[in-house]
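For reference, Swiss-Prot has these:
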TRANSMEM  11-31  transmembrane segment
TRANSMEM  38-58  transmembrane segment
TRANSMEM  74-94  transmembrane segment
TRANSMEM  103-123  transmembrane segment
TRANSMEM  128-148  transmembrane segment
TRANSMEM  163-183  transmembrane segment
TRANSMEM  241-261  transmembrane segment
TRANSMEM  272-292  transmembrane segment
TRANSMEM  300-322  transmembrane segment
TRANSMEM  332-352  transmembrane segment
TRANSMEM  368-388  transmembrane segment
TRANSMEM  450-470  transmembrane segment
């Protein structure tokens, strides 16, 4: 590799993030627990500076670094800006929640920033090894974050289960990558795509490797039948960690899947589309039916996430229009989930965790504004117009219809109607059930509550004017496809 091929400028945001993270680590080591607020502010500043660097090096078109192993294009830039915004917002939500529970420590912020670095590498990968390194950096940080609350047996169990299954998925991914390399002789996505057109490429070995890669992608997205870690992780981890696990990594996983399957394995689109159809149908069915039976709202949101991932998998089947719809859906889902978990964190006052649906009973009688924000989240997740969630589902279904997938579209609509039941049940509990206990003052600080309001109201604003975000997604994919 020539030094001229490095071209660090496109990768400057990751360099800045890593540099600031290295400075934050010893600062946290020397700071006492009661001064962790400076680590909090340092983490917020790190994310803000990284976003500013990304904007400073923003340019149209696609550029690469490290001899094509790192790619900066419209999709990676948009995804990273959303990841930075989500991480910043979740740090603000998490501060008061973590302070009460004794987990307001530097580990939360440093591990979260390492996860952010891993996600940034994933979305900019132009090579299988780059994608794998980013994925492992994200996964290792999440394993430790989930077990952050050392006094919780549920957290330890969830972390162990996620670690074991995650290690298995990583092994399958590596095995699939080795088969792709054996079939094409390349690990660079563009090289794999070019080599797969060659008659000398081993088609059967390529397709066998594809199976292992799709399994790994399905695990990271949480699609059925590789979803069993999600309910335990969502339930066992502190809500501040659940919010992080359930939002930003999903966007990174969607872009990761796009890089590998569309950019690298586009020639076998028919094969992985068939697998995605089966995974999507199973995810929609199992996710919605299992969510109906839940009494714990975090487990309910875990199963609802499974159904949302089913919609994203359907979007991948619909070609270029579907890819834009899938990216839009991922951004919409992340905004909805961040707002939903944010409300739960604010309502978890003192040692009382707001985890069960019954904990929301009569919320409108005590916390009118928070009940309204949660109503917006539930309505958006259910796909009720004119909220953002409606246009996300509508975009995917229209993309499917344009490709002739009528039965899949009908099935998705039916499953959306089934899913609306458990979302509306939460609204019914908040507005029509009587609270069985007196409500103490809600947790959270003014910054968290204000940002939460903006987060939830964006679901309305971008629902009324959805074309703004849709155009962002379409333009992001222009120089990628």
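Glycine is no exception: its Cβ is also placed from the backbone N, Cα and C atoms.
A Cβ distance under 8 Å defines the sequence-distant neighbours of the transmembrane segment (450-470), meaning residues of its chain 6+ beyond its ends; these are 89, 92-93, 324, 328, 331-332, 335-336, 338-339, 342-343, 346, 369, 373, 376-377, 380, 385-391, 395, 444. Between the transmembrane segment (128-148) and the transmembrane segment (11-31), the number of CB pairs under 8 angstroms, six or more residues apart, is fewer than three, so the stretches are not in contact.
For the transmembrane segment (332-352), the partner stretch with the highest count of Cβ pairs under 8 angstroms, out of 11-31, 38-58, 103-123, 272-292, 368-388, is 368-388. Below 8 A, the CB atoms of the transmembrane segment (103-123) and the transmembrane segment (241-261) form 3+ pairs separated by six or more positions in the chain. The highest tally of CB pairs under 8 A with the transmembrane segment (241-261), across 74-94, 163-183, 272-292, is held by 74-94.
Below 8 angstroms of C-beta separation, residues 210-211, 214, 218, 223-225, 227, 261, 265, 300, 303-311, 313-314, 316-317, 405, 408, 411-412, 415, 418-419, 421-422 of the same chain, each at least six residues beyond the ends of the transmembrane segment (272-292), sit close to that stretch.
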